[in-house]
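Beneath this line is the structure, given in structure tokens, with notes to follow.
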Amino acid sequence: MDHFLYRDGLLHAEDVAIPEIAAAVGTPFYVYSAATLTRHYQLFTDALSPLPHLVCFAIKSLSNVAVLKLLGDLGAGMDVVSIGEYLRARAAGVPGERIVFSGVGKTRAEIRAALEGGIRQFNVESEPEMRAISEAAVSLGKIAPITVRVNPDVDAKTHAKIATGKSENKFGIPIARARAVYAEAAKLPGLKIVGIDVHIGSQLTDLAPFEAAFTKVAELTAQLRADGHEISRLDLGGGLGIPYERSNEAPPLPVEYGQMIQRTLGHLGCEIEIEPGRLISGNAGILVSSVIWVKEGEGRDFLILDAAMNDLVRPAMYEAHHDIIPVVEAAPGTENHPIDVVGPVCETGDTFAKQRNLPALAPDDLVAFRSAGAYGAVMASEYNTRPLVPEVLVKGDQFAVIRERPTFDEILARDKVPAWL
Ligand code: LLP
């Protein structure tokens, strides 16, 4: 459920009519619903309430500081994968004790900065990284809490570009090597083993791969404890999928995911951490765009929008589906016609949808891409010198621009022409 609904024939974000925001901000823009973000976060905390837990929002999915503050104030932890994301979480007021540091290529500088600033744990991805964390901790006179991310070799049955839990993927340490790595960790100075980490992929629509991975984590917990390690925390990653197509079968709910976690891991007495991104932010955001032209092609028509692949890259990059709806609700009985929905960027890949059934639209009409809150604005670029798309947050009947559209002067001022040219 989200809070983007038609009211009096106009699409609203909570109590704000989308055309009102469009008039104030111009298109294209992202708009997020505070009520939806809050609700989705709470679905996870409720689902895990029988166990000690921390829900760490994967801020790579939506990293605007205002959104992080909203979630952080509710008590959320944050999962970060770069020092830039760490600084965003801190700027949002989230204390280091609630920030976990994931990512396959943490640099020595990032490790030091996180240790100095305070960090809940590093999710270690390789032996060289583990040794670097030990060295940094010793030189700073700190103890670095760590988990080791294990790769359980489980097929997440999702898009190949976002599956991470197979042995051929770059992520984690092969689970068969885990005991040896924990043995080394126990000997290295400056490290404190706190648990195990696993993340098998994103947009999973079935609980079975999670259950297979978590079962392996339960077995490993017992083995590592028998080896004398203290395993008190299990970080289970993110990955629960969302319904992108309203017409399709809905993926499992957070409550079902929580029950499965209790069933597979509840007996171990560990604190459970999860790192959901998409399920919290995905359906909490839409991308609003205007029609520039409607163009007649050979055997097909094109709806040319002012949003493009640089603003929302998921269709071009993963063949992802996003529902596209008119902001002015079509009158009952209006006929839909198939049309290709495209952006103005000079690539054929700049196609949002082929032969999508939509009511007739005209220049300046507004449309909205649903489920665009996750991996939308964060993956935007300035390709074709198109300014980075702005972001708006709605709460009840209020809205605020939480990231401004840069001006062309700002964009051009970043380029420097050397004096010798
Ligand atoms: N934890 C780790 C270690 C991750 O790598 C990820 C996502 C998450 C948590 C959050 O996963 P989520 O709950 O959002 O599925 N750009 C792609 C998705 C990339 C996901 C990368 N890792 C897309 O637009 O579909």
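Each residue, glycine too, has its Cβ placed from N, Cα and C.
Bear in mind that TrEMBL entries carry predicted annotations, made automatically and left uncurated.
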Further binder of substrate named by TrEMBL next to R278, R314, Y318, E347, taken from the candidates Y244, Y375: Y375
TrEMBL annotation, pyridoxal 5'-phosphate site containing E275, P276, G277, R278, Y375 - matching residue among G228, G239, G333: G239
From recorded positions K60, R314, Y318, E347, the one whose Cα lies nearest G277 (pyridoxal 5'-phosphate binding site): K60
Environment of G239, E275, P276, G277, R278, Y375, the listed pyridoxal 5'-phosphate site - residues of the same chain whose CB lies within 8 A of the CB centroid: A58, K60, S61, S202, G238, L240, L279, I280, S281, A374
Sparsest-packed among the recorded positions, when each Cβ's other Cβ atoms within 10 Å are tallied, from K60, R278, R314: R314
Those binding-site residues listed as E275, E347, and which of them has the most Cβ atoms within 10 Å of its own Cβ: E275
DSSP three-state assignment (helix, strand or coil) for E347 (substrate binding site): coil
Spatial neighbour of P276 (pyridoxal 5'-phosphate binding site) that is closest, considering only the recorded positions K60, R314, Y318, E347 and their CA atoms: K60
C-beta crowding around G277 (pyridoxal 5'-phosphate binding site), within 10 angstroms: 25
